Amino acid sequence: MTSPILELDGVSTDIAQYHILHDISLTVPEGGVHVLLGRNGAGKTTTLRTIMGLWQARAGVIRFRGDDIAALHTSDIARKGIAFVPENMGIFGGLTVEENMRLATHDGSFDRDRLARIYALFPALETFWTKSAWSLSGGQKQMLAIARAIIEKRDLILIDEPTKGLAPAIILSMVDAFREIARETTILLVEQNFLFAKSLGQTVAVIDDGRIAHTGTMAELVEDTALQTRLLSLSLDAHQ
Amino acid sequence: MNSITSAFERYGGINLLPVLLALIAFLLIGSPSTWVTLTVAGLAMGMMIFLMASGLSLVFGLMDVLNFGHSAFISFGAFIAASVLAALTAWVAADSVILNLLALLLAIAAAALFGLIAGWAFEKVIIKPVYRDHLRQILITMGALIVAEQIILAIWGGSPISVPRPHFLSGSLIIGDVSIELYRLFAFVLGLIAYVSLYVILNRTRVGLLVRAGVENREMVEALGFRIDRLFVGVFVLGSALAAIGGAMWAGYETLITAAIGSEMMIIVFIVIIIGGLGSIEGSLLGAIMVGLMGNYVAFLAPKMALASNMILMMAILLWRPYGLRPAVK
């Protein structure tokens, strides 16, 4: 296994008076797609938001390439090379597709080759380049959110439930796009859709009630139906 | 009904509202010359209100901060400009456009400079400790407004202060039966310049792009690597300077000012940003022009209704569009 790009060690997060994350420890190896699975309310989104500094960890250490980032401001974390695609996609509807993308570049200019690769991954973005992001469909907005995260080279992309509410055909195209993206960057993917997750993930962590319930390779989890049932309270068959 | 709505949208949509208002007023007023005079007065008033309201709307939209102390900048802008003009009486009264203009520009610059410096200090001392706490924002900014009014009373006294108008703006432009005050024309042009400048900054620069994005979703702007709190300081300082400039222009418009000028204008400013939609410069302009025109037309047609007219306008628009005419976030 490659060296970790991200490590969470004993991370606990509170939101107001509620204790959401309890002593979370998690290692994300460099390269590929790594999945954080869990049911609704298990703490998946809170984990990503805590990594991004959008919620402050009460305790614990978050290391990115060996540096503790737990106390850093969100913008400083982003500038270290971590991109975030939130569950609501975080699209600026009042801006055009181009402006949304331009905002994610460090100096406001595009690398033409990179942009061409993004157009190849998500052709709809080229079509709607000058249109307001409000006019995009749900799937196109998700494409824009992901494209924005890769408009410049990032070391790690945190993606929160990208398949939520999307049609199966769009989810299939997302699988191809994620495989392509994972060739140059590491993806930490939060998902509930096990079929999607298993088609991409190399490692998996299952979170339940704010605690890590399991970590291992995705192949192990896919092969062990009993483990799936115990961890996810549903079998792979039920999803198929 | 649908065909009327689609035709309305095709020919400009809500941007046509001031035109519709002016047309209705034309039918009710009857006299073209009176209508032109009232319309110009309304547009000038609207532009001055826009100066005062635009910064507050952006501050509201960008950081969700309720700043009732905004009107303190209007008051100080008015009094500082009045003092500068009083100190430069010889230039103000001189029969020289250059000297008149210099005196006016110095008065506006002094007000703007105060807005920039005091705005920065106000944000650091008053606003920053109460981010994300609306109740405390209301209490502390209301308190700051009271303190500001008392400081004005201590410096300039309780008696109304007369504001001299520069000689070249004290007359009227006569076109046929129509008489248009030059000061109103000047206020309109200045407001228009401010709007175009803000529009260009917001729509043609990277900082503007960040502000527009921040109004929609400040958390995401931070997740893209930008410090929205630093951007907010800039917007707050700019908004305070614009409010002070608006106050300076308003002082010349009223020609007699008291320490309550800011709190009197604050109600109108809030009506404008609510009508226009939070965080939107275009909305603020639309709201300000509607309020300016409505105030002048109703003051002529039904003087007893003048005070209530803008409240009624706000209620009508909110019933139709609960988020205002052009909110930054849909």
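Glycine is treated like the rest: Cβ placed from N, Cα and C.
In TrEMBL, annotation is done automatically, which means it is predicted and not curated.
Here's what TrEMBL has on this protein:
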| type | residues | note |
| --- | --- | --- |
| TRANSMEM | B:12-29 | transmembrane segment |
| TRANSMEM | B:35-60 | transmembrane segment |
| TRANSMEM | B:72-92 | transmembrane segment |
| TRANSMEM | B:98-122 | transmembrane segment |
| TRANSMEM | B:134-156 | transmembrane segment |
| TRANSMEM | B:182-202 | transmembrane segment |
| TRANSMEM | B:231-253 | transmembrane segment |
| TRANSMEM | B:265-293 | transmembrane segment |
| TRANSMEM | B:305-323 | transmembrane segment |
Interface-richest range of B:35-60, B:182-202, B:231-253 toward the transmembrane segment (B:265-293), CB pairs under 8 Å: B:35-60
Within-chain partners of the transmembrane segment (B:305-323) [C-beta distance under 8 Å, separation at least 6 from its ends]: 14, 268, 271, 274-275, 277-278, 290-291, 294-295, 298-299, 329-330
Close approaches to the transmembrane segment (B:231-253) from elsewhere in its chain (Cβ under 8 angstroms; 6 or more beyond its ends): 44-45, 48-56, 58-59, 62-63, 70-71, 73-82, 85, 104, 107-108, 111-116, 118-120, 122-124, 127, 163, 165, 169, 183-184, 187, 190-191, 194, 207, 210-211, 214, 221, 261-262, 265
Within-chain partners of the transmembrane segment (B:98-122) [C-beta distance under 8 Å, separation at least 6 from its ends]: 69, 72-73, 76-78, 80-82, 84-85, 88, 91-92, 144, 166-169, 233, 236-245, 247-249, 252
Non-local residues, at least 6 beyond the ends, that sit with Cβ under 8 Å of the transmembrane segment (B:35-60): 22, 25-26, 29, 66-67, 70, 74, 178-181, 183-185, 187-188, 190-192, 194-195, 198, 211, 215, 232, 235-236, 238-243, 245-247, 249-250, 253, 265, 268-269, 272-273, 276, 278-281, 283-285, 287-297, 300
